[in-house]
Amino acid sequence: MAPRDPKDGVGAGGGAADQEADIEAPLLGSYGSSSFLLDPTCEDGGGDDERRRRRRRLLLGSHTQSNTTSQVALVGADVCPIESLDYELIENDVFKQDWRARGRGHILRYVALKWALCFLVGALAAVAGFLANLGVENVAGAKFVVTSDLMLDGKHGTAFAVFLASNFALTMLAAVLTVYVAPAAAGSGIPEVKAYLNGVDAPNIFSLRTLIVKIVGCIAAVSSSLHIGKAGPLVHTGACIASILGQGGSRKYNMTCKWLRYFKNDRDRRDLVTCGSAAGIAAAFRAPVGGVLFALETVSSWWRSALLWRAFFTTAMVAVVLRALIDFCKSGKCGLFGTGGLIMFDVTADYVSYNLVDLPPVVTLGIFGGILGSLYNFFLDKVLRLYNLINEKGKTYKLLLAATVTVCTSCCLFGLPWIASCKPCPTDTQEACPSIGRSGNFKKFQCAMNEYNDLASLFFNTNDDTIRNLYSAGTDDEFHISSILVFFIASYFLGIFSYGLALPSGLFVPVILTGAAYGRLVGMLIGSQSTLDHGLFAVLGSAALLGGSMRMTVSVCVIILELTNNLLMLPLVMLVLLISKVVADAFNANVYDLLVRLKGFPHLEAYAEPYMRQLSVSDVVTGPLQTFNGIEKVGHIVHVLKTTGHNGFPVVDEPPFSDAPTLYGLILRYHLLVLLRKKDFIRSCTASNLNASKHFSHDEFAKRGSGKHDSIEDIELCAEELEMFVDLHPFTNTSPYTVLETMSLAKALILFREVGLRHVLVLPKSSERAPVVGILTRHDFMPEHILGLHPSLFKSRWKKVRLGKLKVANIF
């Protein structure tokens, strides 16, 4: 058996035998001690600021580079330790006995509970989406009504003061809640959900506190007129609801339900979180089919037909509950929230006709949409790196950054309409002109009666109402080309600078809004060569920018169609999405992959890098390797758990318990903690006749919820107990996944990702060596780790081929 160096295996799975490099700090020994990464202060945003700045510098590096350790990541607005999830069934004696004891009734309850939880997730996600829209429409609506009334009275300075002060207060409310209460609630949450569904867990990403701050902060932030959206936060909200229900509630706040505590493994929780993310999109856009496709195309890494049915059922519940709540509001009991409160742009022409002559403008729209979308990702990446440098200085700087952006945004929104000239009200419209109040196409602003300011009509509205105005059919003459150009440029860059603040914010709606302005602009410039309406150009412009930035095709296509309630646009939307995606893929990755990489999540792609086929597993796995005997001394187990952060340990039987050193299986860290806490020890190193099923229940080995971990420091053992022994055989997974050391790294990656593993044992080719030579974990498949071990691959032919197209990005 290999030497038991307490510092061994640090870093690269077995490579240095990384038996779980996700949370162990010795890999970063040059930066600090192991307690540095395991510090739980990120859970509430508290703790020493200097320590947290060190964590952030560790993640971002001197030039804010992506995380190269696979141990920490930027979760929301704070840097926290992360670890891998394990979707493998642990087939030990306790599990087998529990499985044999299950009857038909047990299985029926299990299946029924899955569907019941999907129903609850859909219903609660719908309520959350309704509350978010209700809050935004009423808070932002009241702000615009007061400001418009003051403008109507000629009190322009007072109107600006009220507008600025209300935006500042709302932004600070969202930022303070996020920074001091739930840092994990910052941003859209989609990168965190995407990472979780790929197998990466982090503290508090789905906690009850994060859920509450996400909803309240989203209402405040979106109402503050920042160019951010609700879709991303609602995806995170749906995932939070699913995770909390899947683990039986929140024990920390004594809000638990025993009959819900049924999902005791990462596999079932993953499926429920997938349904929750689909419900979030369905609640944001009233797009149930689009929500399912979004979860399939964008956030999930594993999918199967049974999950498809449950996700569809969940989003169907969202649609039903939302319809019931909207019908209730039609009676006028929801304040300013009305038929336009939730996004449903049923505003295009009843009949959409297009001819061959319309294809060149549509193709042009798609090409430049792809270029603008890739540029959007490029600028957003640079801005976020700048924001990270500012945010690492502490909480005060996070608040100052949010305050600066909201003041600048308010000045732009209030100041830019003054450069637009007033236009006479159209005589053929059925809408009041000018519209005095919250919404409408004809904002009076500083104009005289019977006139309106078209630029103010775009800036002085909620994002939903502005999109509706741009999508409206038969409005070709209502906006001047200069106003659309100014609004497009302002919206493009305000969306970039508003994202990345320490508050809940989404990218979906700002991209839709900016794309609508882009489409209108193209329609005005080349629309004379086409028979299409400018409102239809706006819809296609949104699709083009979404395809160029987010690179989603099927889900965006369906969401757009569900938004506009017009199936006749399907061919044009498909064409625009395909063209914009192909063009944008030539420059950079989609925005969510960029965010995942920037945050430092060790995300496993669905494909293997070409250079991985040049390497075998043995090229990234080195020793020494930490193992346990089948009957191990308690003191040694405690010493290993205290001095390493490994999650899995091979169990090897040696003589006299076997003829030769033999691999018995793999035992997990939290199973060892259960054994130590139970203190069911034996006094001598001999085989015991312990019936594990009588002394232990399967519930004791059930994994805790997301981000929750037991600690060896919480277990107290006396000197006599440390000298005793424990039989690990009944608790060891006797059928772990294994690979030969000669297997290609690319093939091992496919196995690791498709099955959803946390550990893969590496066996020697020769029987004369130790029975196990290393452990592969997620860290071993990270490009930073592989290329760090084999820098020559940077100059390999395969690497050049992969990066060749990215040289085009140098024109930026």
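Just so you know, glycine gets a Cβ as well, placed from its N, Cα and C.
Features reported for this protein in TrEMBL:
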DOMAIN    732-792  domain 'CBS'
REGION    1-20  region 'Disordered'
REGION    31-50  region 'Disordered'
TRANSMEM  112-136  transmembrane segment
TRANSMEM  156-182  transmembrane segment
TRANSMEM  272-296  transmembrane segment
TRANSMEM  302-322  transmembrane segment
TRANSMEM  334-353  transmembrane segment
TRANSMEM  359-379  transmembrane segment
TRANSMEM  399-420  transmembrane segment
TRANSMEM  479-500  transmembrane segment
TRANSMEM  507-526  transmembrane segment
TRANSMEM  538-561  transmembrane segment
TRANSMEM  568-587  transmembrane segment
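Residue counts of the domain 'CBS' (732-792) by helix, strand and coil are 24 helix, 12 strand, 25 coil (DSSP-based). Across 156-182, 399-420, 479-500, 538-561, 568-587, stretch 568-587 shows the highest tally of CB pairs under 8 A with the transmembrane segment (359-379).
Packing against the transmembrane segment (272-296) from elsewhere in the chain are residues 114, 117-118, 121-122, 125-126, 128-130, 193, 196-197, 206, 229-231, 234-243, 245-246, 263, 303, 307-308, 310-312, 314-319, 322, 342-344, 508, 552, 554-556, 558-559, 562-563: each is 6 or more residues past its ends and has a CB under 8 Å from a CB in it. Counting residues 6+ beyond its ends, the transmembrane segment (507-526) has Cβ neighbours under 8 Å at 188, 227-232, 284, 361, 364-365, 368-369, 372-373, 376, 458, 463-464, 466-467, 470-471, 476, 479, 481, 484-485, 487-488, 491-492, 494-495, 498-499, 532-534, 536-546, 549-550, 591 in the same chain. Stretch with the most C-beta contacts under 8 angstroms to the transmembrane segment (156-182), considering only 112-136, 399-420, 479-500: 399-420. Note on the transmembrane segment (399-420): residues 159-160, 163-164, 167-168, 171-172, 174-176, 179, 224-227, 387, 390-391, 443, 445-446, 453-456, 459-460, 480, 482-483, 486, 490, 494, 497-498, 501-503 of its chain, located 6 or more positions outside it, place their CB under 8 angstroms from a CB of the stretch.
Across the residues of the domain 'CBS' (732-792), the predicted structure has a mean pLDDT of 90.
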